[in-house]
């Protein structure tokens with residue numbers, strides 16, 4: 001049974017990808033008002049931003065119970081982040097592991113900036129809950145995706161703004177198979193299909209071929225993770241019920 005907490009509105013970090021789309025659905029099931037926030041930081045896979053409106057429209061029209069809950073969308077130009085980043089997410093370079101053990105797809109400070117800006121918007125909009133798709137289970141070791149980072153950031157933002165916001169990360173302890181299953185629990189096969197076809201994950205921005213698991217090059221780390229998770233989800237591997 002999905003829990004519903006309609007007392008507060010939520011602002012969801014929504015890139016146009018699988019994880020953040022699942023988080024939008026998760027928030028729509030819980031809150032009366034859900035707004036979305038995207039960032040254009042010069043990402044190599046900017047096509048994800050072009051998917052956002054299609055996902056939002058599909059959520060409105062295919063899921064009547066959520067239609068009135070989905071509120072405004074916000075898009076922030078954060079090109080300064082791309083300008084100061086020398087990564088495979090913002091440059092056309094090979095994806096590889098760096099000397100510090102992190103992949104060069106790591107954009108230093110990205111989630112910290114995202115959440116800080118989100119908090120400022122939520123403060124102005126009267127929204128108490130911030131929702132992000134950060135995950136510490138199936139991830140690339142990004143330090144700004146860790147649970148400890150999010151908890152520390154929640155404390156810092158509340159101190160700095162003298163407020164009581166909550167940072168929700170519903171995917172934090174889920175693997176990709178469980179993320180697919182969570183989508184099924186939230187919106188059935190219709191939501192799984194929406195996410196499969198309408199969202200974008202591929203780091204290199206490839207959207208020419210629709211695979212069983214969605215669009216993508218099939219070779220970058222993001223595609224491999226999405227593919228592996230989808231196949232495990234179909235087989236029912238590693239998961240009995242995704243925690244809600």
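Residue positions begin at 1 at the first shown residue.
Any Cβ shown, glycine's included, is placed from N, Cα and C.
Quick look at what Swiss-Prot annotates:
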{"type": "BINDING", "residues": "14, 15, 16, 17, 18, 19, 20, 21, 22, 23, 24", "note": "ATP binding site"}
{"type": "BINDING", "residues": "202, 217, 220, 223", "note": "Zn(2+) binding site"}
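In the three-state DSSP scheme, residue 20 (ATP binding site) is classed as helix. The two recorded residues, residue 14 (ATP binding site) and residue 202 (Zn(2+) binding site), have Cα atoms 16 Å apart.
If you take the C-beta of residue 220 (Zn(2+) binding site) and look for same-chain residues 6 or more apart in sequence within under 8 angstroms, you find 95, 202, 203, 204. Considering only the binding-site residues 18, 20, 22, 24, residue 217 (Zn(2+) binding site) has 18 as its nearest partner by CA-CA distance. Cβ neighbours of residue 18 (ATP binding site) (same chain, under 8 Å, six or more residues apart in sequence): 179, 195, 199, 201, 214, 226. Cα-Cα distance from residue 223 (Zn(2+) binding site) to residue 16 (ATP binding site): 15 Å (rounded to the nearest whole number). Neighbouring residues of the recorded Zn(2+) site, listed in sequence order and excluding 202, 217, 220, 223, comprise 201, 203, 204, 206, 216, 218, 219, 221, 222, 224 (Cβ within 8 Å of the Cβ centroid).
Other C-beta atoms found within 10 angstroms of the C-beta of residue 217 (Zn(2+) binding site) number 17, with every protein chain shown included.
Sequence-distant neighbours of residue 16 (ATP binding site) (same chain, 6+ apart, CB under 8 A from its CB) are 38, 47, 48, 49, 50, 51, 52, 55, 199, 200. What surrounds the ATP site, by Cβ distance within 8 Å of the Cβ centroid and not counting 14, 15, 16, 17, 18, 19, 20, 21, 22, 23, 24, is the set 12, 55, 133, 199 from the same chain.
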